[in-house]
Amino acid sequence: MGYSSAFVVATIFLTLMLHESNAQLNSTFYANTCPNVSSIVSNVIQQALQSDSRIGASLIRLHFHDCFVNGCDASILLDGTASFLSEKNAAPNANSTRGFDVVDNIKTALENSCPGVVSCADILAIAAEASVSLTIMYVLQAGGPTWNVLLGRRDSLTANQAGANSSIPSPVEGLSNITSKFSAVGLNTNDLVALSGAHTFGRAQCRLFVGRLYNFNGTGNPDPTISPSYLATLQQTCPQNGSGTVLANLDPSTPDSFDNNYFTNLQNNQGLLQSDQELFSSNGSATVPIVNSFSSNQTAFFQSFAQSMINMGNISPLTGSSGEIRSDCKKVNGS
């Protein structure tokens, strides 16, 4: 890592330490009970990255989809039972969310080292940060956003499939609806734009954006905010009436790198999802100057992304004696 990259990382890290004011969660929660928790999580993810470059983006998405439904409580990891339906089968998650096997591997490693101590909800939070830092190291060998993960969450005793269907922002949703969903969990417009920047890496299935390519909002024409050259490329990847499960890069310029090119893509009308492009193409929206700022200043994006991940991780955690520490992330203890 070069001096300038190390300085940026150190500056962001020290700045974020000043924001550790959440009364319920803290970064040293496992200092005595499982001091190696971060390295154990990182080791499992690093192994997974060797065969799956998408896994970092997938683990961040699990944390995101978990926190937007009843808070960051690992409810997304539960299989269904006679008592509740699994969030895994909700529309935003079915045949889409992935990385559950890696979470299970992390949990197994932690149970071997510190049995009954680390919650599945905290695993998702730690894994999200590790996914960013490890992807940058593995792909770029360069500096990027890092943050002190606040810990002490406990795991839910149930899931909320209906909540997952209604609360998770959709890639085919308008900006006003998505903004409302962020606001409902205490996140603001800057959080919305910064967290959308996670689409700087990862993939999306054709079925999530094919409507933009041929029949946008029932017009019979493509979405006019897609650049013609990008439209032609996407139509080759996702032909009309083709397979909906074919994957396209969320960031066509640097698909496996965590950088600020996502925002430059939006300025060039090369946002893959409707929810991406609307951040820039919605005239008069408060999101537009934020996109412009992040496009011109990668450090500003990294710092905002890190703080917004902390903010998201603080959504309605179960703490104290609420919930439990699951021994198996897929099921409630004793079930």
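All positions are counted from 1 along the displayed chain.
Each residue, glycine too, has its Cβ placed from N, Cα and C.
Remember, TrEMBL labels are computer predictions, not curated facts.
Annotated active site, proton acceptor per TrEMBL: HIS65, in sequence order. Within its own chain, HIS65 (active site, proton acceptor) has ILE76, GLU87, PRO92, ASN93, THR97, ALA164, ILE168 as residues 6 or more apart in sequence whose C-beta sits under 8 angstroms from its own.
What TrEMBL records for ASP66, VAL69, GLY71, ASP73, SER75, GLU87 is Ca(2+) 1 binding site.
The substrate binding site annotation in TrEMBL covers PRO169.
Residues annotated as heme b binding site in TrEMBL: HIS199. In sequence order, LEU250, ASP251, TYR262, LEU272, LEU273, ASP276 are the residues near HIS199 (heme b binding site), counting only same-chain partners six or more apart with C-beta under 8 A.
TrEMBL lists THR200, ASP251, THR254, ASP259 with the feature Ca(2+) 2 binding site. Around ASP251 (Ca(2+) 2 binding site), a 10 Å sphere centred on its CB holds 26 further CB atoms from the protein chains shown.
The annotation disulfide bond is assigned in TrEMBL to CYS34-CYS114 (among others). Close to CYS114 (disulfide bond) in the fold, though at least 6 residues off in sequence, lie TYR30, THR33, CYS34, ASN36, VAL37, each with a CB less than 8 Å from its CB.
Marked as disulfide bond by TrEMBL: CYS67-CYS72 (among others). All protein chains considered, the CB of CYS72 (disulfide bond) has 28 other CB atoms within 10 Å.
For CYS329 (disulfide bond), the count of additional Cβ atoms within 10 Å of its Cβ stands at 22 [all protein chains shown]. What TrEMBL records for CYS120-CYS329 (among others) is disulfide bond.
Taking the Cβ of CYS238 (disulfide bond) as centre and 10 Å as the limit, one finds 22 other Cβ atoms among all the protein chains shown. Under the heading disulfide bond, TrEMBL lists CYS206-CYS238 (among others).
What TrEMBL lists as domain 'Plant heme peroxidase family profile' is 24-333.
What TrEMBL records for 1-23 is signal peptide.
Among the features that TrEMBL reports, site 'Transition state stabilizer' is placed at ARG61.
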Of CYS34, CYS67, CYS120 (the disulfide-bonded residues), the residue whose Cβ has the fewest other Cβ atoms within 10 Å
CYS34
Within the same chain, and leaving aside THR200, ASP251, THR254, ASP259, name every residue whose CB is within 8 angstroms of the centroid of the CB atoms belonging to the recorded Ca(2+) 2 site, in sequence order.
PHE201, SER253, PRO255, ASP256, SER257, PHE258, ASN260, ASN261, TYR262
To which of the binding-site residues ASP66, ASP73, ASP259 does the lowest count of other Cβ atoms within 10 Å belong?
ASP259
Recorded positions (VAL69, CYS206), the one with most neighbouring Cβ atoms at 10 Å:
VAL69
What recorded positions in the list ARG61, THR254, CYS329 lie within 10 angstroms of CYS72 (disulfide bond), counting C-alpha atoms?
none
If one measures from the C-alpha of ARG61 (site 'Transition state stabilizer') to the C-alpha of CYS67 (disulfide bond), what distance in angstrom results, rounded to a whole number?
10
